[in-house]
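The structure appears right after this line, and notes come after that.
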């Protein structure tokens, strides 16, 4: 078929949520003429659910996006109302930053960034069809029958893809927050031969701030110590007048109301068909699944400085409106709360992610990428992380440059993408620190050291940012070298000072670095013996030094495991391999290999249902093929 295109682009991004924004900013900043199409301009970077960015594992993802040259970290640093570092009483591997957002300001700032970006066109438009010829993307068609050409299309439609809102017995076609659903495009993706799944998520009621009895709840203030998501943010800009959140709980009365009305709950009446999130269940689901618990935590989270709306985190529900009101009024502090919005569930289509490569390009159609909730994940941060990777790879493909594949040892983003494309997901996927086997080297404090070089190589990290990164890296490297070379000897004067501090004296000579491995010895104490660095060090560099030194043994073990896995990842599997020609592998392994088509031995080894014997047989088969080709 011959198409008459009215406009020509390098990349078209469908959907302007958190994935779409990062994808379009990446492609345009890498020099590709990009169209970002959204059903509603007012929904750009909107937060239809929780008004927050970051949290366990997710906060590290935001730091990774920032290190690659993305926008989420910079934007939340300009629009938060509260900032907290989580898990400070635990080890460095699980510490993560979380910000309470002014959601309107966040969306407004991001829209301004997109509007000012060179090479990027922002347009309110419903995309109904992805145009494909000979297995390759050539463009899109809009609902108004305009056709735009493109070498790559990135689908980031979120929960709008055949979205349906469910509230009690009411069910209607809708995207998030009562925006339009994308139905024709959902049909088109299925017609293109992609396997489609159906997921569900939900959101809680919002109540009016001035109707809450805060004196009956527990205050949750922000941190006084400055922290930021972006490495470009400055401590002097850290917000002093932060807005607190508040903690309350459900009680037996709340549970009784829910239990009496379970027959009216769409979750249990059969109205909800989609699979919901395991780690963010609705309140009615929690009451049933955890019947032994007499209360559940609820956090009252302000949605911004210029709104009275307060989000009740932990009370996600699709119960009928009258039941929601009764539940809200049964909660301490909310007895007279005015409900401004009801909670609801939303069902939506997803592209089953085993059909994707680690670049987030579909295996079936060249130039077609998907990212975000379209791939079955939950969360703004997971979406943004996929968005920037899809955007980078779309641009690299068009430019004829090597693709970017983030490994599990590179980033939490790499862990997430590998999980999705290798294992798939049967429920909305959420990143957890427990999913990362190398979490001690995937920390909040070293994201820039891990990924800024990559961001610079692909063209997303500018020279100012790169210079600041090099200064920080040089400070770290130089001071680590210095601490590794200076020795403390067990002489009387030094041991006297150590004993005066209440610590055990030295019995052998130690380097300053070895001295710092003692749990009680921090950088300040160590340098009081060996002298300060040649230049004043940033506090964050000092914290990084302490972590790297104190956990060096564990970090080195992790790096040894990474080296072993790297050898597995370097053993590539031919695209045209005949899985049926391999004798002796288990039937389940053969079926999984056919479904997923792993690209490396490492990826094949991580597929569920595949055992070490199957991998050994596969490696022997490939080695035999290689020998026969070299004869």
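Positions of Cβ are set from backbone N, Cα and C atoms, glycine also.
Counting only same-chain residues six or more apart in sequence, the Cβ atoms lying under 8 angstroms from the Cβ of residue 15 (FAD binding site) belong to 37, 38, 39, 155, 156, 157, 158, 160, 372, 374. Summarising the annotation, Swiss-Prot assigns FAD binding site to 15, 16, 17, 18, 19, 20, 127, 182, 373 and lists sequence analysis as the type of evidence.
According to DSSP, residue 290 (NAD(+) binding site) sits in a coil region rather than a helix or strand. Positions annotated as NAD(+) binding site by Swiss-Prot: 276-290.
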Residue pair residue 286 (NAD(+) binding site), residue 373 (FAD binding site) - Cα distance, angstrom, rounded: 23
Site of maximum Cβ density within 10 Å, from binding-site residues 127, 280: 127
Assigned element (helix, strand, coil) containing residue 127 (FAD binding site), judged by DSSP: strand
Same chain, 6+ residues apart, C-beta under 8 Å of the C-beta of residue 278 (NAD(+) binding site), given in sequence order: 427, 428, 430
Other CB atoms, at most 10 A from the CB of residue 290 (NAD(+) binding site): 11
Binding-site residues (17, 276), the one with most neighbouring Cβ atoms at 10 Å: 17
For the binding-site residues 19, 286, the one whose C-beta sees the most other C-beta atoms within 10 angstroms: 19
Shortest C-alpha distance to residue 290 (NAD(+) binding site) - which of the binding-site residues 19, 127, 373: 373
Cβ packing number for residue 284 (NAD(+) binding site), 10 Å threshold: 25
